[in-house]
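Feature annotations, courtesy of TrEMBL:
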DOMAIN    A:15-267  domain 'Glycoside hydrolase family 65 N-terminal'
DOMAIN    A:324-690  domain 'Glycoside hydrolase family 65 central catalytic'
BINDING   A:TRP359, A:ASP360, A:LYS602, A:GLN603  substrate binding site
ACT_SITE  A:GLU490  active site, proton donor
DOMAIN    A:699-759  domain 'Glycoside hydrolase family 65 C-terminal'
There are 2 protein chains.
Amino acid sequence: MNQDYIQTDEWSILEEGFDVNHVKASESLFSIGNGAMGQRANFEETYTGPTFQGSYIAGVYYPDKTRVGWWKNGYPEYFAKVLNAPNWIGIDVTVNGESLDLYTCKNVQNFHRELNMKEGFYLRSFEATLQNGSSVRVESTRILSLDLDELGVISYKVTPLNGSATITLSPYLDAGITNEDTNWDDAFWDTLEVKEAQEQGFIRSRTMKTDFNICTFMQSKLFLNDKAIEASKASEVTDTKIGFKYAIKVSEGETLTLHKFAGYVTDMNHKKSELISAAKKTLEKGVALGYSEIKKLQKQSWEKIWEMADITIEGDSKAQQGIRFNIFQLNQTYLGKDARLNIGPKGFTGEKYGGSTYWDTEAYCIPFYMATKDQEVARNLLVYRYNHLEKAIENAAKLGFNKGAALYPMVTMNGEESHNEWEITFEEIHRNGAIAYAIYNYIRYTGDTAYMHEKGLEVVIAIARFWKQRVTFSENKGKYMILGVTGPNEYENNVNNNWYTNYLAKWCLQYAAEQVVATERDAASDFDRILKKVKLTSEEVSEWKKVAANLYFPYSEAHNVYLQQDGFLDKELVPVSELDPSQRPINQKWSWDRILRSPYIKQADVLQGFYFFEDDFSTKAIERHFNFYEPFTVHESSLSPCVHSIQAAKLGRMDQAYNFYLQTSRLDLDDYNKEVEEGCHITSMAGTWMSIVEGFGGMRIKNNMLSFEPKIPKQWKSYSFKVNFRGRIVTVSVSQDGPSFTVCPGGAFQILVNGKEMEISNNQTQTA
Amino acid sequence: MNQDYIQTDEWSILEEGFDVNHVKASESLFSIGNGAMGQRANFEETYTGPTFQGSYIAGVYYPDKTRVGWWKNGYPEYFAKVLNAPNWIGIDVTVNGESLDLYTCKNVQNFHRELNMKEGFYLRSFEATLQNGSSVRVESTRILSLDLDELGVISYKVTPLNGSATITLSPYLDAGITNEDTNWDDAFWDTLEVKEAQEQGFIRSRTMKTDFNICTFMQSKLFLNDKAIEASKASEVTDTKIGFKYAIKVSEGETLTLHKFAGYVTDMNHKKSELISAAKKTLEKGVALGYSEIKKLQKQSWEKIWEMADITIEGDSKAQQGIRFNIFQLNQTYLGKDARLNIGPKGFTGEKYGGSTYWDTEAYCIPFYMATKDQEVARNLLVYRYNHLEKAIENAAKLGFNKGAALYPMVTMNGEESHNEWEITFEEIHRNGAIAYAIYNYIRYTGDTAYMHEKGLEVVIAIARFWKQRVTFSENKGKYMILGVTGPNEYENNVNNNWYTNYLAKWCLQYAAEQVVATERDAASDFDRILKKVKLTSEEVSEWKKVAANLYFPYSEAHNVYLQQDGFLDKELVPVSELDPSQRPINQKWSWDRILRSPYIKQADVLQGFYFFEDDFSTKAIERHFNFYEPFTVHESSLSPCVHSIQAAKLGRMDQAYNFYLQTSRLDLDDYNKEVEEGCHITSMAGTWMSIVEGFGGMRIKNNMLSFEPKIPKQWKSYSFKVNFRGRIVTVSVSQDGPSFTVCPGGAFQILVNGKEMEISNNQTQTA
């Protein structure tokens, strides 16, 4: 563990005491979001110390210029990045003429941060003595409303502690912001209008190139000792900023409170010409409700989320806090209302990875959303890719594929590829398989076969077409091969016959062939429509089968395992346990060539295949491969420990499973990788959820039924989780004495427990 | 052939007629240089059409910022690039008040360019009618002096053709310039001082970051009908520019001439504080000599160069022009006076490839300079690398090597790596072998074994240490392997056991072990000094031998050839001849992954090894490998055809050898790759020379003797070349009737001709 300043609490993230070295990490950890926007836990008042400012709007991105050493055909011309949006949280504060700035205060005491996950707010309080000797107590509460998802509210309280003081509060909007990670020092935003209208302020901005139009807005209310007051304001308006300054004389012990209602409206949801009027409507609603009512609604909305998504762990508060933090962040990031949105690896907590969509969504996030939300939410994640199918076909065409073959981008905002390293962009093609697998996984879980007929089959066909064209026939071996790929283990580039990729390709080809038959049989009119659209021939389907049947899989007789790729055994096979710890993490200590020629594995690769296709292999085979590959695995991707935890649990190695679980569940809270400053690892948080539900709980889908093989780490008294399976809410509780199950609503419900059928009744807890 | 506007002439490059579409290509082709600086053939007067401005100073570079998708450990933080230096050639011209600009003239006639290679000047003349109806004839001659290598001179003549005209001539210096290829829009130069002193102008500038200080200077003389005149000048001085304007009324048919003396002095050769006084001295010398005398001296200097370096070809004017163009450009680029300088792939003709040093120097250029110059010149190219040894050891250390192992940079200006694509920078490690091979090649040719003792052995040891650490022992095969490399064929990345790299590594290890023994035996005190410095142990040398003896070489029994790398036979082995021509060149038509998984070879790879180590293999084996690999070779590197031409000649396939020769000798003149606008391919020009001398002439070194196997393409009547071998100048003339040889100075001289010894006497031509 690298960091331990976060206080343990089952429902909150807590920080006590002010440490400038924790500011950027806490800005990530205490981030808030509501699916439509997000905000790092930056201070409202001026802070001149090291900080990483971040306000983000879901779906608003910028195509930053990229330059590489030598340009390669097919590279996109930009790297899409999530944009730091205009600042809506700012409130400048002065006390007796001096700006309040925790970095320059003489003294800061009782500094406290709380991310209240149960009720969905972020609170910060402190007592500060300024250079001029004035002392104040400040308490700030911030909410991004789940109900009015264009609105944020802040309650900012100042109490003079040593004599009366003239306090000025200047809530402002600032569009003069930049990204931390810009490739060039360009501005990304044009400010179109800065407008004052009585107590309201508006800034209309547009992103350059992408022309997203937004309006940032604010309105404030003042209270003295909780009683509304009127105060005259001085306006400060520049080309990119608007602020209203209120100056109030406050007696010692009295509390001046400012409620700031603010946020964004965008042209994704409103007409460009109506942004200011939309902002006014939102402000009207927000102000009418008032801060307290919004806070109450927020609590109710989070109650609904937790009702379904909570996982309880008894006997381990840190684990409890960790899993709730993960569930909370996932829900802050994506709520599934809008098929245009997706889940960036850092969510709304930072800029890194451009805020774009990766294969993380399909491989790691969908199971969480399927089980803890209505079916529609996971379906929207599939529809996101369906809506990008045309662009995926264009992307494949850029790389020389044809006849409707699709290659989904490795990194995307709008369906276009937006990453340009050839070994990733052009070669990490297994993502295409994960997108088909997610359709299979979704239908397996939800039973929503209509999705295949309506939308899924087109995607599955286009992906099969890609694999068919991407293989090479080796006369030498009389087999189809897939040359020049990067697998999930990105510590190998441009390898031949990555087993995971080959297996996934084979599966995609077979699955597509099967689904063509099934759709023709079960949904004739859909089938006709699709056939007409994609011009599929039976020869094409035969070709898919032929390739699938003759794909090459590198194998070692000596070790009785599939090889991660051709030539894997030529490496110096020294296990990680014998590696000098000073050399870890290798991605920070070693040059790339050294990493590539080493046997070390970044994240599950062959084992990822065994995770996806567990039913294709015997437990003995899983164990053999786990024993062979895990010792070479450095787990330097946040996505690695969860898959290993699930497999260790399946193999009954609960200590190992628990250790992997710890690595994933408090990755950010304990900052294992010393990088939480840059943001939290949102997508791997879904992996943490899987570690409990699929790992310890052993949940699988077998023959349209939920199946469990519950186990429990010896460190815990009990744990419980719920899953929504086809409209039935199943609660699984596991204690050291064994599991019990409840279902609601509706009648009798069959599940499998350790391979045996069991019927659980409505609202009756049943032990196994 | 893609371009045919260059007129054929045996001693000149000629262009007739003005075509705006040829301007940028001609700016490259008509470039001039004197080893210390170079100048693209930009117009002196204003030109508002498309142009690529370039003035270059040898050794002056800038570390431009680089950004890549994901940063990798060991990447340099910059990409060194040759800098476009302040403009010294500019002369603004007006005719009756209108600016002379060939892009806007009503009419341009008799436009003529001549690059006179025999005498070393560039001439341009034309008749132009301006928008205002005035017609003038202009003739401009430009020289970069070989004798005063900080000086350039221009003779610029204007003659009114339709009535008298007021002509203004404004010679200027302009430091407000940028690079075409800047990664960012930064300025690279700071202007420190713009100074006028009577008829002289000076601009002192410094490069940012690298702090190269230079002074650009000028002084002009005016003549009317070749008679010196005085004219009052108007000065125009800005922050980055200085110009002197002379206005003269000139009658129809009279000629106004301006001689501009200008150039650069730099702090590589003068104290920073004395740049202006150094410039004044240079101007003084130049003005005292005067334009005509400088032109005469230039002719004499080029006569000396040609005396030794010329190759004559009878019966093929295009071939004659082509080879002279190559020899001329090589001599413009590098004259071997200064061991701090080297040969950039574009010389002084463009910016591409950053003007830096690549392995081209060792693999392609050294033979040319060894044979056509004094031994000191090639030795300076070796010393360049010796002087960078410490930085090469640091570079290797950055990549995790230790104990004095050196990895020379792939691309460098000052010994530091300045390229950052992992597959090149970290993996194209064969360059290290070429640097050792060049030492071997130099000593084999010159007999200068003292170089090994003085400097070479340290380099050879450090390179051997690198290879020893870079190999991997494969338990699987019981052999040492080299994993994860890029060979000379850059259309494969991160492959295992590239045969060329492995063979070169084995050779380096053996050579180092041998040279340790030989140096101890032949130069004991040098050996002691080196031993003390590099702390070599006999165990280390034993390790080198052990690795060399047990290196793995991929081999195909079926084809009886060494494989380019592991897995080569798994590719779809469709020869280039069956490739749709619309897909060529593949590096412009295909995405990188497609290129990588194809069998296509960019340039000689296995065959490069057979070229370097020809004596290790039977002619049958060379033929077998040539037959196997050449059909997959797309020759998309300018360095490819020459090696193939040499090998085809060796195999007696003169038609094929001649075709490859054509591809290399007029690559730029005929612009095969449609890119001559960006500059000429200087380093491959040395390969063209090799195609004649080593290919057709069959020159080799055998047992300290020159050996020839002369052949002649049927298209030629005869050809001849000279080589300087250990102080003896051997002239080789080959006609359809056979070869003849002359030697001077000195006594009897033994050579091998077609394997038989032959004695040639002083100044006696002897036929074989």
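These residue numbers are counts, starting from 1, taken along the chain as shown.
A Cβ is built for glycine as well, from the same backbone N, Cα and C atoms used for every other residue.
Heads up, TrEMBL stuff is auto-annotated, nobody curated it.
What TrEMBL annotates, mapped onto the structure for a quick look.
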residue	record	DSSP class
A:TRP359	substrate binding site	coil
A:GLU490	active site, proton donor	coil
A:LYS602	substrate binding site	coil
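According to DSSP, the domain 'Glycoside hydrolase family 65 C-terminal' (A:699-759) comprises 0 helix, 39 strand, 22 coil. For the pair formed by A:LYS602 (substrate binding site) and A:GLU490 (active site, proton donor), distance between Cα atoms is given as 6 Å, rounded to the nearest Å.
Local packing around the Cβ, expressed as the count of other Cβ atoms within 10 angstroms, is greatest for A:GLN603 among the recorded positions A:GLU490, A:GLN603. The Cβ centroid of A:TRP359, A:ASP360, A:LYS602, A:GLN603 marks the substrate site; residues of that chain outside this set whose Cβ lies within 8 Å of it are A:TYR358, A:ALA363, A:PRO488, A:GLU490, A:SER637, A:LEU639, A:SER640, given in sequence order. Measuring Cα to Cα from the residue listed as 'active site, proton donor', the binding-site residues that fall within 10 Å are A:GLN603, out of A:TRP359, A:ASP360, A:GLN603. Confidence in the domain 'Glycoside hydrolase family 65 central catalytic' (A:324-690), given as mean pLDDT, stands at 96. Largest Cα-Cα distance over the residues recorded as binding substrate, namely A:TRP359, A:ASP360, A:LYS602, A:GLN603, equals 16 Å. Neighbour list (A:TRP359 (substrate binding site), Cβ cut-off 8 Å, at least 6 residues apart, same chain): A:MET410, A:HIS430, A:ARG431, A:ALA434, A:ILE435.
Sequence-distant contacts of A:ASP360 (substrate binding site), defined as residues of its own chain at least six apart whose C-beta falls under 8 angstroms from its C-beta, comprise A:ILE343, A:PRO345, A:LEU639, A:THR683, A:SER684, A:ALA686.
Taking all protein chains in view, 22 other C-beta atoms sit within 10 angstroms of the C-beta of A:LYS602 (substrate binding site).
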